[in-house]
Amino acid sequence: MKEMGLVVVGAAGRMGQTLIRVVHQMDGARLAGAVERSGSPHLGKDAGELAGIGILNVPIVEDVGRAFAGADGVLDFTSPAASVAFAGQAAEAGLVHVVGTTGIQADQENAFVEAARRTPIVKSGNMSLGVNLLAVLVKQAARALPAADFDIEVVEMHHRHKVDAPSGTALLLGKAAAEGRGVDLDANSVRSRDGHTGARETGTIGFATLRGGSVVGEHSVILAGTGERITLSHQADDRTIFARGAVAAALWARDKKAGLYSMLDVLGLAE
Ligand SMILES: NC(=O)C1=CN([C@@H]2O[C@H](COP(=O)(O)OP(=O)(O)OC[C@H]3O[C@@H](n4cnc5c(N)ncnc54)[C@H](OP(=O)(O)O)[C@@H]3O)[C@@H](O)[C@H]2O)C=CC1
Ligand SMILES: O=C(O)C1=N[C@H](C(=O)O)C[C@H](O)C1
């Protein structure tokens, strides 16, 4: 099959540059375009040169229409507002849209549902194999351990530049725990604690957020009972794991019908 032409949007970002390197390395994919926002100091630069792999003759442009023309898919790790706009543009152009952006609010989700009527979208707060396997294990553990006896807390740490909290992964893991228990996460989560909070409410799923340094991403789900505690953890050492997952998702989605898919679908881990 012909190589899949992929456009990296947010090309100058931490994930954007990692994606450019990974697309260039992986079989079955080629870099078809690179987009940055209007006013970016990186416009006009060569995407490969910016990502440290030498000239690829792919300039970073702000004209989305020009970048999407002739491409097959879009890799999008940008911001919530940008991803909402890219969803409409990718659907219009009939491109597979892989969305890794986190911090997307409930009232923005419908844009992806609508766009997914027209094109395949793979959207996940974490594109790595390890975290998606962890989510399956968390769901199993939460299903097996009674909520009356085991308290669930999700702890995450990321680099000092991260702008959203809790992380998309923490929410994904919290959702897996809630599904295991058969409850709604939003109705049962405690997103922060401060001051005289009172004793822990049975059945809630708590979140704790740490930020600092260059940490790529660390997540633990703690199931704390009386006299024993289970901790399920994942540590990301390198952003390449997310980028490889995103490219694999695009290749997987290429021949799928329009719809909103997750990495669990891509990895064959969905129940
Ligand atoms: N799902 C997953 O596996 C992973 C998800 N993420 C998520 O990906 C997102 C990006 O993370 P990261 O790379 O660290 O962040 P960065 O801030 O380094 O990169 C984001 C890039 O997107 C650019 N951008 C913003 N708006 C637009 C726009 N309208 N058009 C084109 N480009 C735009 C930014 O430009 P500028 O700086 O000029 O605003 C920046 O270059 C975050 O939401 C993060 O949580 C990260 C890693 C893994
Ligand atoms: O912003 C990041 O860096 C990351 N964001 C994602 C998240 O919010 O979970 C995935 C990964 O942990 C890195």
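Any Cβ shown, glycine's included, is placed from N, Cα and C.
Here's what TrEMBL has on this protein:
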ACT_SITE  H158  active site, proton donor/acceptor
ACT_SITE  K162  active site, proton donor
BINDING   G10, A11, A12, G13, R14, M15, E36, G100, T101, T102, S124, G125, N126, M127  NAD(+) binding site
BINDING   R37  NADP(+) binding site
BINDING   H159, G168, T169  (S)-2,3,4,5-tetrahydrodipicolinate binding site
DOMAIN    5-127  domain 'Dihydrodipicolinate reductase N-terminal'
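The structure, with features from TrEMBL marked on it.
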residue : record                                          : contacts (Cβ under 8 Å, 6+ apart)
G10     : NAD(+) binding site                             : G16, V35, E36, D76, F77, T78, S79, A82
A12     : NAD(+) binding site                             : E36, S40, H42, K45, L50, I60
R14     : NAD(+) binding site                             : H161, R239
T101    : NAD(+) binding site                             : D76, F77, T78, S79, P80, A82, S83
S124    : NAD(+) binding site                             : V99, G100, N132, G168, L172, A249, S262, M263, L264
N126    : NAD(+) binding site                             : N132, G168, T169, L172, G217, F242, G245, M263
H159    : (S)-2,3,4,5-tetrahydrodipicolinate binding site : R211, G212, G213, S214, V215, V216
K162    : active site, proton donor                       : R211
Cβ under 6 Å from ligand 1: qualifying recorded positions of H158, H159, T169:
none
What are the DSSP helix/strand/coil residue counts across the domain 'Dihydrodipicolinate reductase N-terminal' (5-127)?
45 helix, 28 strand, 50 coil
Cβ-based neighbourhood (8 Å from the centroid) of the (S)-2,3,4,5-tetrahydrodipicolinate site, residues H159, G168, T169 excluded:
T102, G125, N126, E156, H158, K162, D164, S167, A170, G217, H219
Rounded to a whole angstrom, what is the C-alpha distance between the residue listed as 'NADP(+) binding site' and H158 (active site, proton donor/acceptor)?
25
Recorded positions compared (E36, R37, H158, T169) - the one with the fewest other Cβ atoms within 10 Å:
R37
I'd like to verify something. Among the binding-site residues G10, A12, E36, R37, T101, which ones have a C-beta closer than 6 angstroms to some atom of ligand 2?
none
